Amino acid sequence: MSFANLKSKRQGKSSRSYVTSTDSFRESHSTTISEAVHSSDPKQSNPDNASIVYQDIPNNVEMRVLSVAGRGLFAKNSIKAGSVIISLRPHSFALASQYLDSHCSACAAAPNSGLLRCTGCRTVWYCNATCQKNDWLLHRLECSALVNWAKSAPSKSLSVPSDAVRCLGRILWQKERKGFDSSWSKEIDALQSHRHSLQPRVVENNTHLAHSLVRYLGLSSPGELSKFDISSAGDLTDLISRFVTNTFALTSPSLTPVGVSVSPLVALFNHSCDPDAVIVFPRSSQNSAEEPRMQVIALRDISPYEEILTSYVDTTLPRSLRQAALQETYDFICQCKLCHDDKKVDPRESIWCPKSCGGMCSAPSDESKIFQCAKCHTVVPAPESIADALRIGQEALEKASSIQVTNYVKALQLTTNIIPILVSAGLTPSCHPLLALTGLHKTLLLSSFSEDMSQELLDETIRTAAKHYAGLSTLLLDGHPVRAVALAELGKLLAVDEPSPATSLAANVAFPPTGPPRLKAAYETLVRARNEVMIGFGRDNDGGELGRNIRETLVSLEKELGVWTQGIHNTLQNLSKSMKMNNN
Ligand SMILES: C[S@@+](CC[C@H](N)C(=O)[O-])C[C@H]1O[C@@H](n2cnc3c(N)ncnc32)[C@H](O)[C@@H]1O
């Protein structure tokens with residue numbers, strides 16, 4: 001449910017690093033393109049990969065080749081936080097199956113209503129005839145493939161191929177259409193492949209993907225793939241490996257993953273767990289033919305010659321989980337500062353000092369052996385019980401995440417029960433899995449608004465949203481889009497209504513406040529959220545769709561605050577008049 005709906009409903013009811021960014025590292029490890037071309041390192045040995053000219057590469061960015069990470073993109077001039085470094089339409093994208101009927105398959109917009117369904121495949125939807133026309137050259141081929149797939153599907157739930165299969169199909173049809181020697185196709189072919197070093201689980205998934213692709217394209221054998229310039233099983237393995245290593249989530253302006261996307265230029269950014277840039281889809285263009293626009297935005301000021309690094313994984317996760325995900329999907333061991341800083345307590349794996357001095361201790365893990373407060377050095381008395389709480393918390397997180405769509409009531413019961421256990425074990429708000437459980441709890445509470453519109457539920461959701469933001473803000477840079485979205489959500493929840501203190505059941509609780517202070521808190525939170533959104537979703541975009549949305553909410557809050565202020569002003573005036581009359 002949108003916040004706007006929530007507000008009106010309630011009113012109706014009651015009132016992808018490893019690389020340090022130091023110059024010394026860069027100078028000793030980066031090579032020129034010609035050195036790379038002649039290098040024997042597998043990551044540098046393909047001359048086409050290193051010398052390829054990318055169509056959309058902006059003037060302020062250059063490609064260099066590093067001995068550890070292969071190609072990467074570097075700033076040529078200084079770049080300010082919040083600047084759009086790259087803005088382009090991805091080579092290909094596909095919506096996840098559950099978003100096909102709520103999003104336009106041409107521009108990825110999500111209008112509240114009015115989408116038109118393709119009468120051929122009855123699977124994809126468009127904003128209007130213009131979007132349908134814009135997509136027709138490709139959808140023409142996709143349409144019959146979708147119909148044939150559905151005909152042979154064993155069940156209704158499997159009647160549409162996955163977004164990965166559909167995206168790969170689009171890439172091959174587009175290559176065929178544009179020509180295998182076109183720069184478009186060459187950019188796709190130059191994506192990095194890990195064909196020779198895949199882990200068994202990845203091989204299994206990739207094989208499954210390859211079989212589905214062949215079936216989707218309507219081919220009776222892999223041999224028929226030659227019409228797509230794929231002449232051997234090795235070529236097919238390469239294609240799938242390239243796709244898996246270089247695909248990004250297509251996200252909504254509030255960061256919900258709604259599909260997959262591929263841009264060879266954006267795929268050149270290497271990974272750091274402490275990135276200086278992010279990839280978002282802010283929806284800033286007025287022209288739907290230009291959307292979805294994928295943008296790389298600077299999270300902090302970047303110096304000339306510094307490498308621009310994005311993160312391939314959720315950086316709120318502890319090191320062991322980040323490393324495992326990077327190794328499995330991207331085939332490297334991250335050497336970034338965050339992964340190698342053993343001296344400090346990592347807030348992702350931290351508990352409060354047992355003596356409550358305000359300091360933090362490392363939470364028990366396979367990696368850490370000393371559990372004492374970093375500030376007062378008090379030793380944690382029973383690390384085993386905290387380790388148990390962490391393990392139970394991780395299990396609950398996995399269970400609740402897996403059933404959140406099919407059985408959100410049960411998922412909510414799980415998060416409701418486990419969070420207090422983790423809090424009483426001393427976990428800090430940024431500690432995993434407490435932070436992830438708090439975020440999931442907030443999402444589940446929001447889902448239950450469709451059934452329960454009570455003040456208690458709203459206030460509980462606001463408190464959860466505040467705790468979630470507190471945890472995120474410890475870990476992520478000011479303006480990180482994940483943080484910005486969480487703050488915007490908190491502000492909008494505060495803006496839903498302003499219960500009067502007399503009737504509110506939460507009147508005795510300090511947060512969230514009631515009456516005009518609630519409106520004021522909403523206003524101030526949204527002003528801060530707007531500042532963060534301007535960084536994470538780009539200043540030049542005015543923060544994109546989310547930035548525009550916050551601005552509109554701020555305008556209406558200003559009006560409401562004005563009414564309250566005027567009301568108070570009038571009451572005070574009446575009061576002083578009646579006091580004067582009484583005195584007379
Ligand atoms: C999306 S691509 C990035 C561009 C890639 N370097 C290239 O030459 O095409 C991801 C791959 O780059 C390499 N890579 C990215 N970040 C890395 C890092 N921090 N350390 C080592 N290798 C990295 C890994 O091989 C990874 O699978």
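Note: Cβ is positioned from N, Cα and C throughout, glycine not excepted.
Look at TrEMBL and you will find 1-51 tagged as region 'Disordered'.
Here TrEMBL flags 14-23 as compositional bias 'Polar residues'.
The domain 'SET' feature in TrEMBL is assigned to 59-313. Mean pLDDT across the domain 'SET' (59-313) comes to 95 in this model.
Long-range contacts of the domain 'MYND-type' (104-143) within its own chain (CB-CB distance under 8 A, at least 6 residues past either end) are made by residues 93, 95, 150, 160, 166, 169-170, 173-174, 177, 250, 252, 258-259, 281, 283, 288-289, 291-292. If you look up TrEMBL, you'll see 104-143 marked as domain 'MYND-type'.
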Secondary structure composition of the domain 'MYND-type' (104-143) [DSSP: H/G/I, E/B, coil]:
15 helix, 4 strand, 21 coil
